[in-house]
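**Student:** So TrEMBL says this about it:
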type	residues	note
DOMAIN	1-282	domain 'Major facilitator superfamily (MFS) profile'
TRANSMEM	12-31	transmembrane segment
TRANSMEM	96-122	transmembrane segment
TRANSMEM	134-154	transmembrane segment
TRANSMEM	166-183	transmembrane segment
TRANSMEM	189-218	transmembrane segment
TRANSMEM	230-252	transmembrane segment
TRANSMEM	258-278	transmembrane segment
Amino acid sequence: REVLGVEALWPILLAANAVPALVQLLTLPFFPDSPRYLLIDRKDKEGCIKALKQLWGDGDHMAEVDDMMSEQKAIRGEKAKGIWDLLRDRAVRWQLITLFLVISCMQLIGANVVYSYAYSIFIKAGIPPSQTHYVSLGVGTTEILSTVLCGFLIDRAGRKTLLWKNYTVMALALGLLTVTLSLQDSFFWVPYCSVALVFIFIMSFGVGPGGVVCPLITEIFIHSYRPTAYVFNGVTNWIQLFVLGLVFPFLVEGLGNLCFIIFLTYCLSMAIFVFLVLPETKGKSMLQVMEDFNRLNYRGKKGQAALQQSNCSLVTVTRL
């Protein structure tokens, strides 16, 4: 009954994924290069300012340019780092730990599990099987709209706040979902609560980690490490998705509704980690974020000496 869901037409549905790729291919030539790339790598200040105006409109962007120039002086002409440099350099140790934990949460917070249970939850709530795909479409639309909403909130509330508060809401939603799924045959209204919890979870995911992770990577790594950090992000994400795809069916079969407890624990742990450890990057320059992380990266007597030397370099660069 679905237009493209029948056996003869599913290849057309699969091929539809080529449309956004084609749109990107046709429009990318009209976009400028990254302003940071133009200034820091190409030493093209005029091109950087032109790119900023093209992206953000006319106005005074010298504050952003000065921040990039300070970052350029801080890295002292260092070339892009490799994966091995990222893994062993003490100066980015806690940035790497933060990246790994935040990226891992994209798979380990249970979003795929909620989607997998969504069909049975909707059926239990009395939604006809022929109509469940509309509700599923509503779930996907909710995620998109909440991610857009994150774009309006991220500079007002801050990255750290959006992350730890939404991790907490997601943990609560998973806990309550475990309860409602266990009691869904006891009261007629319980399945409707499960449906509401699915939407709350998806909305919190979009407003929190779904929308914050990408800009966060840019803000916690200095320019020479940023490309490698994105590579690490992609590799880690796909490996974890592959492993979770293999293990998840066994989790559901063995634990049933209780499998949400695993993901609840991770969400709650991430909320605590972000609240206690992750520095807020809102309104801070790259050098200020580096100073915040240096307090974590350099501990002990040797670490404090290295921290003082690093801070002296940063102060010199800032004054320049």
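Every residue gets a Cβ built from N, Cα and C, even glycine.
Remember, it's a predicted structure, so these values are computed and weren't measured experimentally.
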**Student:** State the residues, same chain only, that lie 6 or more residues beyond the ends of the transmembrane segment (258-278) and have a CB under 8 A from a CB inside it; answer 'none' if no residue qualifies.
**Tutor:** 94, 98, 101-102, 104-105, 108-110, 113, 160, 163-165, 167-168, 170-171, 174-175, 177-178, 181, 251-252, 296
**Student:** Which stretch, 12-31, 96-122, 134-154, 189-218, tops the Cβ pairs under 8 Å count with the transmembrane segment (230-252)?
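**Tutor:** Answer is 96-122, with the largest number of Cβ pairs below 8 Å.
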**Student:** Tell me whether the transmembrane segment (134-154) sits in contact with the transmembrane segment (189-218), defined here as at least 3 Cβ pairs under 8 Å among residues 6 or more apart in sequence.
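**Tutor:** Stretch pair touches.
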**Student:** Pairs of Cβ atoms less than 8 Å apart decide it: which stretch in 12-31, 166-183, 189-218 has the most with the transmembrane segment (96-122)?
**Tutor:** 189-218
